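Annotated in Swiss-Prot:
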- 58-68: motif ''HIGH' region' (MOTIF)
- 59, 60, 61, 65, 66, 67, 68, 69, 70, 71, 259, 294, 295: ATP binding site (BINDING)
- 91, 240: L-glutamine binding site (BINDING)
- 301-305: motif ''KMSKS' region' (MOTIF)
């Protein structure tokens with residue numbers, strides 16, 4: 001199902017859950033020592049000042065994209081709504097794919113999106129790697145209690161014994177080894193005495209469980225790899241399914257909000273927490289996991305593998321290419337953080353899978369930019385218009401609102417002269433029916449200026465129109481008493497040729513022409529939109545100063561911003577953020 005329209009206020013089933021939890025005082029007695037830790041540490045803390053605790057737990061192995069923005073908005077937003085705290089936690093348990101570069105980029109992206117984790121007097125920025133000692137201690141406790149064992153089988157053997165959805169698994173020959181033996185092997189793993197892949201720690205649960213995730217899942221594996229924060233201190237690393245619940249509990253998380261692919265992992269999440277709480281390692285009340293459908297959108301891919309392929313093979317100009325769905329790409333394109341938050345607020349939080357049409361994001365951008373964006377004029381495909389009866393050396397001032405929604409913003413002023421630039425599409429040698437712009441003999445208004453009558457045009461040797469001639473009606477200037485003395489059906493925009501500012505303008509569109517580029521067995525590269533970027537040399541209204549961060553609505557064309565990477569005062573580069581209307585609508 002594709003959602004093409006959005007309610008003004010989207011539903012969020014998590015609100016009902018949290019309201020019920022708070023009404024039932026489920027977190028009464030919960031304590032917080034001011035930092036994450038086991039039960040013994042939290043017992044000495046004060047009552048938790050946060051009514052609820054959520055978390056956004058990215059793995060630092062790539063750049064955040066629009067799908068992550070949804071999770072960020074859900075977790076930070078719902079914590080704020082209920083007087084709680086949201087932690088930013090880096091799930092850095094896979095050293096071979098993670099890097100400090102991504103940590104820094106994620107912090108920057110979350111801050112840019114408008115969220116802060118310093119909300120209760122603490123810096124609630126955490127790393128899973130800070131809990132490695134706790135995790136190891138807990139692993140030994142689980143072995144001693146008979147809840148875990150070290151398996152010396154190969155990964156292929158373990159996989160073969162796992163069973164299927166219709167057949168139970170088979171017990172490992174190491175499943176019933178003495179706890180002391182498993183402890184010895186685990187310590188050898190920690191001390192680097194075994195090669196990668198030779199031993200794993202597994203939970204002892206039920207190989208006949210209908211949920212395959214409870215068939216003695218792997219908790220630790222040997223990986224002789226340097227970690228970006230801990231260096232070579234560790235050569236065993238926890239699996240995510242084991243680390244995730246432990247991290248939540250150590251941080252006092254109340255509502256662990258995940259996407260739907262983790263739903264089948266919830267029984268193991270609960271099993272781990274219950275075992276460790278019974279052993280006195282984790283404080284009650286324990287976190288609970290809840291799932292919602294991930295943000296699936298038309299016309300984009302969010303797979304890290306596919307995004308990396310686009311970058312490495314040169315289909316886009318880096319992770320911040322304005323066509324990319326990364327937050328840095330959207331930011332460079334000119335999408336505002338408030339527009340992305342608005343879009344996320346308009347999409348429901350539910351357990352039903354749906355695909356959101358990209359037009360909803362574009363509309364959120366328009367709705368966000370429209371009230372406060374200064375208007376201006378640009379000519380993207382210039383054609384010279386000469387007003388033959390206007391004095392050659394004369395210039396006068398025309399005025400227009402900076403923003404029609406904000407009278408207090410005042411007027412902008414720009415020059416009118418004999419030679420102007422107009423859009424090539426605003427002239428026709430032979431006009432089709434219902435074409436009300438310039439053609440020989442027709443009257444149009446130069447917006448904010450005069451009414452003119454087309455008197456002729458000039459072509460080059462190839463037959464291309466190079467110039468249009470017209471005469472102006474002196475008593476028809478906009479804003480003067482005679483402005484309405486002549487009625488016309490057409491208005492066109494223009495800039496003074498002698499005063500206009502030259503600029504490179506990049507007309508960005510959707511990266512993919514297919515609404516479902518990653519659907520089925522498609523080659524997603526074959527779905528790329530060949531017209532996702534067009535570069536033109538344009539002329540801008542002279543008051544349009546291309547300063548960093550500047551954004552305008554160019555009348556009739558759309559919203560544009562200064563490119564943060566390639567633009568300079570001497571050579572402005574502008575990006576089209578979004579058109580005024582959905583150009584992809586059927």
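Each residue, glycine too, has its Cβ placed from N, Cα and C.
Positions of the features from Swiss-Prot, shown on the structure.
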| residue | record | DSSP (3 states) |
| --- | --- | --- |
| 59 | ATP binding site | coil |
| 66 | ATP binding site | helix |
| 91 | L-glutamine binding site | coil |
| 240 | L-glutamine binding site | helix |
| 259 | ATP binding site | strand |
| 295 | ATP binding site | coil |
What's the most sparsely packed of the binding-site residues 59, 91, counting other C-beta atoms within 10 A?
-> 59
Per the Cβ filter (under 8 Å) with a sequence gap of at least 6 from its ends, the motif ''HIGH' region' (58-68) is approached by 90-94, 97-100, 102-103, 105-106, 109-110, 228, 294-297, 300, 302, 304, 307-308, 319, 324-328, 330, 340, 361
Report, in whole Å, the straight Cα-to-Cα distance of residue 91 (L-glutamine binding site) from residue 59 (ATP binding site).
-> 5
Residue 91 (L-glutamine binding site): which of the binding-site residues 66, 68, 70 is the nearest Cα neighbour?
-> 68
Residue pair residue 68 (ATP binding site), residue 240 (L-glutamine binding site) - Cα distance, angstrom, rounded | 18
Have a look around residue 61 (ATP binding site) and count the other CB atoms within 10 A of its CB, chains all included.
-> 14
Over the motif ''KMSKS' region' (301-305), what does the predicted model average in pLDDT?
-> 94
Around residue 68 (ATP binding site), how many other CB atoms lie within 10 A of its CB?
-> 23
Using DSSP, how many residues in the motif ''KMSKS' region' (301-305) fall into helix, strand and coil?
-> 2 helix, 0 strand, 3 coil
Cα separation, residue 240 (L-glutamine binding site) to residue 66 (ATP binding site) (Å, whole number) = 23
Using Cβ-Cβ distances, find the residues under 8 Å from residue 295 (ATP binding site) that belong to the same chain and are at least 6 apart in sequence, listing them in sequence order.
-> 66, 67, 69, 70, 71, 344, 347, 356
Going by C-beta under 8 A and a gap of 6 or more residues, the same-chain neighbours of residue 259 (ATP binding site) are 71, 291, 292, 293, 294
Proximal but sequence-remote residues of the same chain as residue 240 (L-glutamine binding site) (Cβ under 8 Å, at least 6 apart) = 91, 93, 94
